[in-house]
Amino acid sequence: MTALPQRTLMVMAGGTGGHVFPGLAVAHLMQAWGWKVVWLGNPAGMEATLVPKHGIPMEYVRFGGLRGKGMKTKLMLPVNLLRACTQSLSVLRRVKPDVVLGMGGYITFPAGLMTALSGRPLVLHEQNSIAGLANKVLAKVAKRVLVAFPNALPHGEWTGNPIREELARAIAPKARYAQRSGPLNVLVVGGSLGAAALNEVVPRAVALLAPNERPRIVHQAGAKHIEALRENYSAAGLQAGADVELVPFIDDMTSAYANADLVICRSGAMTVSEISAVGVAAFFVPFPYAVDDHQTTNAAFLADNGAALVVQQRDLSAETLADWLRSQTRETLAEMAERSRSLAKPDATEQVAQICATVAGSISGASPEGKQ
């Protein structure tokens, strides 16, 4: 019997982890199904360093955004866009992908346009609750439009965000919370850049609580901010120890989420999706300068369903947080966690991969050997 030719997926994604990591989740699954995967990114983006470490070959297109740039960059847009389109077309002719998956980042725009104009099928995935201009345009020429949050794009199919497999396999919240006793376990996530508002307010809020009201804290703040965070806790009369753990990084986020009764954090798209997948109560403080304020609408997806609380940074204070923590019990947080888990899309990675396979003309992609 003649073996079927190996099919090729090209992933277009770059710029931030919110675009790259969900793309990697789909890429690895497609590889497990026997597909060849090629990644199109920007040589100056994080993907240029990260993706090759995952054994995925790279192709490059140079293209950047206009937000915050000077007049010279804006005047050069037509030239830069034309160059990026030419580079994208060259890559498409060389790679000959059976399907192209656009996961976001500036390079997705010229490469997505050239994908559609060259007659190759484009699958578009929007990770945020509010789509950017590029995806709004590309959605008009894509074969399938997928969204992580309902109604992010017209006619978008709600798949959720592709996440790491271990997050989707976390033990159900009801079982986790029922096994615990004693002080609440609170995880504070500032991210690699640190979230100054959280680093300043959380220590003061905990200090306002009576000793018997204080939760156990695991506070992640990024390597550059860990000493300042230590000083913040010290100034609040709290020392790092058994009940206050300060860490620059967390390698195993699945365990960190699963061990927490409550997560206090920003509300980037992947953070919201991961918290929902694991099923844990959340206190969101959206980044106030996010494009189109998309972090607020990301968080609202869970908050509107009783799975989280959203407090804007301008309204956040030690007193507000302390009062809210006093009002919570492990039982109330467990209820929030259950609601959060019920909104998750744990099969998002497989669903996105299956759609790519279908668009490429496969009967079924769900085969580790890639047999159709």
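Indices start at 1 and increase along the chain as displayed.
Yeah, the Cβs are placed from backbone N, Cα and C, and that goes for glycine too.
Swiss-Prot annotations:
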{"type": "BINDING", "residues": "Thr16, Gly17, Gly18, Asn128, Arg164, Ser192, Ile250, Gln295", "note": "UDP-N-acetyl-alpha-D-glucosamine binding site"}
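All features noted in Swiss-Prot, drawn onto the structure.
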| residue | record | contacts (Cβ under 8 Å, 6+ apart) |
| --- | --- | --- |
| Thr16 | UDP-N-acetyl-alpha-D-glucosamine binding site | Met46, Gly105 |
| Gly17 | UDP-N-acetyl-alpha-D-glucosamine binding site | Met46, Met270 |
| Gly18 | UDP-N-acetyl-alpha-D-glucosamine binding site | Gly104, Gln127, Asn128, Gly268, Ala269, Met270 |
| Arg164 | UDP-N-acetyl-alpha-D-glucosamine binding site | Phe21, Ala25, Thr254 |
| Ile250 | UDP-N-acetyl-alpha-D-glucosamine binding site | Val189, Val218, Gln220, Ala256 |
| Gln295 | UDP-N-acetyl-alpha-D-glucosamine binding site | Arg266, Ser267, Gly268, Phe284, Pro286, Phe287 |
Item to check | Three-class DSSP secondary structure - Thr16 (UDP-N-acetyl-alpha-D-glucosamine binding site) | outcome: coil
Next on the checklist: On the three-state reduction of DSSP, what should I expect for Gln295 (UDP-N-acetyl-alpha-D-glucosamine binding site)?
Outcome noted: helix
Item to check | Asn128 (UDP-N-acetyl-alpha-D-glucosamine binding site), number of other Cβ atoms within 10 Å | outcome: 26
